[in-house]
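Reviewing the structure listed below.
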Amino acid sequence: MADVKTEVPEHCPGTQSEDAGKASACAGCPNQTICSSGEANKIDPGIELVKERLLSVKHKILILSGKGGVGKSTITSLVSRALAADDLERNVAVLDIDICGPSQPRVLGVLGEQVHQSASGWSPVYIEDNLSLMSIGFLLGSASDAVIWRGPKKNGMIRQFLSDVDWGSLDYLILDTPPGTSDEHLSATSYLKAAGITGALVVTTPQEVALLDVRKEIDFCNKVKIPIIGIIENMSAFICPKCKNSAEIFPASTGGGRQLAKDLNIEFLGSIPLDPLLARCCDEGKNFMTEMPDSPVVAVLSPMIQRIIQKCEKTEVSSAVDD
Amino acid sequence: MLEGVKHVVLVLSGKGGVGKSTVSTQLALTLKEAGFKVGLLDVDLCGPSIPYLLNLEGKDVHQSTKGWVPVYADEEQKLAVMSIGFLLKNRNDGVVWRGPKKTGMIKQFLTDVVWEDIDYLIIDTPPGTSDEHITVMENLRSVKCDGAVIVTTPQAVAVDDVLREVTFCRKTGIPIIGIVENMSGFVCPTCSECTNIFSSGGGQALAEMVKVPFLGRIPIDPAVGKLADKGQSILVTLPDSELARIFRRLIEQITRSKEA
């Protein structure tokens, strides 16, 4: 923690703003000279590096949710596995930018693997021939290691993940994000500005306390101009394995994800039911779709994946026309 | 800083969506029921849930000569609440801030809010081990912090992140009051069969592994979720539930260790 000692004035206008270094709050700030010189406002050279590195990556998808624990990482793993299994010629990679709570190594079943450095950059860890993963989890010495970093360090790590990983040629790069609308999200979107983001998949659970944060995330997407591919509702209904009756564990008192999508004019991609076996497969890093092919989750997932593919490839065409 | 506050309790979890805010609100409400004056500070700036959970959405924070006056959840003014949710014009607005701005806001929450004669200040945090947590921890160095209640759900993917939070507490010298395991098992309302949706026992195993007290296991109860936004203590609404029992024990533990 000692490495970033930033005493920021209470009303700091932000280093990127026009008032940087000139506002009254800047008086006495140790960074005032840097800010007023305009140095902080220059375009980050990382943006170009990222663009170059990701030239051979066709679609970049962000998995977002304002709320934690709604299933971003689970859905990331399901979507990426399904995309890879659907067509063996399709190359898919996952980048886990949840720096403080990386879950992908466990969920994709590659816990304890290591990342190797080569002349062309970091080699990601391969789960299948056409599915690879990069996560800070691979760089930690032990499972109990905490990443106690403030924003700027997280920003640097995300930049390295985007510019220094040797992904090869990819059809889909899926970014799993932490909850919130802060450093990780801003870093990812700003570094991907030149490379382009295909769109975001927004994950929610049905109850209002989750929707509340998800609306904030959608507001974020609108502010930074990321198109939203669609909303996925997770943990919808629970079907008791004994009596087969369905129960609402997280009651959709305000209409859940479907109503949210309708209100905000975003496509609703579907509801994924709560299946305890899915949680277990994630814990054990198993491929849910091959382990439990008869689960209602798989039935919902297939059309969802097809729709995502359809929308992504369509976006590509329309942007080509625009050019 | 925090001159009028006697005890500070943090509610932490490396993982999101495990029930930190629900535990924080219930903890605050239960302490209030027990006769204490309580403050509840929500430092989750990007996803504030406390105003919704206490049914206080739309309330305003007022400025006085001494500083910000928190929002009171009850007429007797025994539960004071502060959250960025009270400062937003629209409940759907995102707070798109990087670390330094979040740090500034949290410092203001800690220094500029007039907490008057508070016995317990409960601080609800966002998931992770980053800016919000470092800022709270650094600023609480000058104040006595009683410790942290750590919330987890049972599945391994959550326990992984919570273990990192334990490391954070150890490294920064925050005492751990104990671990609560939330969403442990769901009893079917039709046939009473208990299903461990997110597996079971993970929190207890973690508590044993890192040698901190295990405070109890809270089953999934949709009734709690439904009552959640009414701003009432579980001791009043469902006094015989497992949850009520856990909170009674939790309060006992928190108040006993402090009185000495």
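If you go along the chain as it appears here, the first residue is 1 and each next one adds 1.
Every residue, even glycine, has its Cβ placed from backbone N, Cα and C.
Annotations in TrEMBL come from automatic prediction, not curation.
The region 'Disordered' feature in TrEMBL is assigned to A:1-23. Residues or ranges marked as compositional bias 'Basic and acidic residues' in TrEMBL: A:1-10. Residues or ranges marked as [4Fe-4S] cluster 1 binding site by TrEMBL: A:Cys12, A:Cys26, A:Cys29, A:Cys35. Residues annotated as ATP binding site in TrEMBL: A:Gly66, A:Lys67, A:Gly68, A:Gly69, A:Val70, A:Gly71, A:Lys72, A:Ser73. Positions annotated as [4Fe-4S] cluster 2 binding site by TrEMBL: A:Cys240, A:Cys243.
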**Members of the binding-site residues set A:Cys35, A:Gly69, A:Cys240 whose C-beta sits under 8 angstroms from chain B** = A:Gly69, A:Cys240
**Request:** Could you list the residues of the same chain, at least six apart in sequence, whose Cβ is under 8 A from the Cβ of A:Ser73 (ATP binding site)?
**Result:** A:Asp96, A:Asp98, A:Ser103, A:Gln104, A:Val107, A:Asp176, A:Cys282
**Asked** Reported as an integer number of Å, what is the Cα distance between A:Cys35 ([4Fe-4S] cluster 1 binding site) and A:Gly66 (ATP binding site)?
**Response** 31
**Item:** Candidate binding-site residues A:Cys12, A:Cys26, A:Cys29, A:Cys240, A:Cys243, pick with smallest Cα gap to A:Gly71 (ATP binding site)
**Value:** A:Cys240
**Fill in**
Quick note, A:Cys243 ([4Fe-4S] cluster 2 binding site): same-chain residues at least 6 apart with CB under 8 Å of its CB -> none
**Integer Å distance between the CA atoms belonging to A:Cys29 ([4Fe-4S] cluster 1 binding site) and A:Cys240 ([4Fe-4S] cluster 2 binding site)** = 59
**Item:** Whole-number Å value for how far A:Cys29 ([4Fe-4S] cluster 1 binding site) lies from A:Lys72 (ATP binding site) (Cα to Cα)
**Value:** 39
**Item:** Top Cα neighbour of A:Val70 (ATP binding site) in the set of binding-site residues A:Cys12, A:Cys26, A:Cys29
**Value:** A:Cys12
**Item:** Densest Cβ neighbourhood among A:Cys26, A:Cys35, A:Val70, A:Cys240 (binding-site residues), 10 Å radius
**Value:** A:Val70
**Complete:** A:Cys26 ([4Fe-4S] cluster 1 binding site) and A:Lys67 (ATP binding site), compared by Cα position, are separated in whole Å by 34
**Message:** Cβ atoms within 10 Å, counted per site: which of A:Cys12, A:Cys29 has the most, among these binding-site residues?
**Reply:** A:Cys12
**Prompt:** If you measure A:Gly68 (ATP binding site) to A:Cys12 ([4Fe-4S] cluster 1 binding site) at Cα, how many Å is it?
**Reply:** 28
**Item:** Between A:Gly66 (ATP binding site) and A:Cys12 ([4Fe-4S] cluster 1 binding site): CA-CA distance (Å)
**Value:** 25
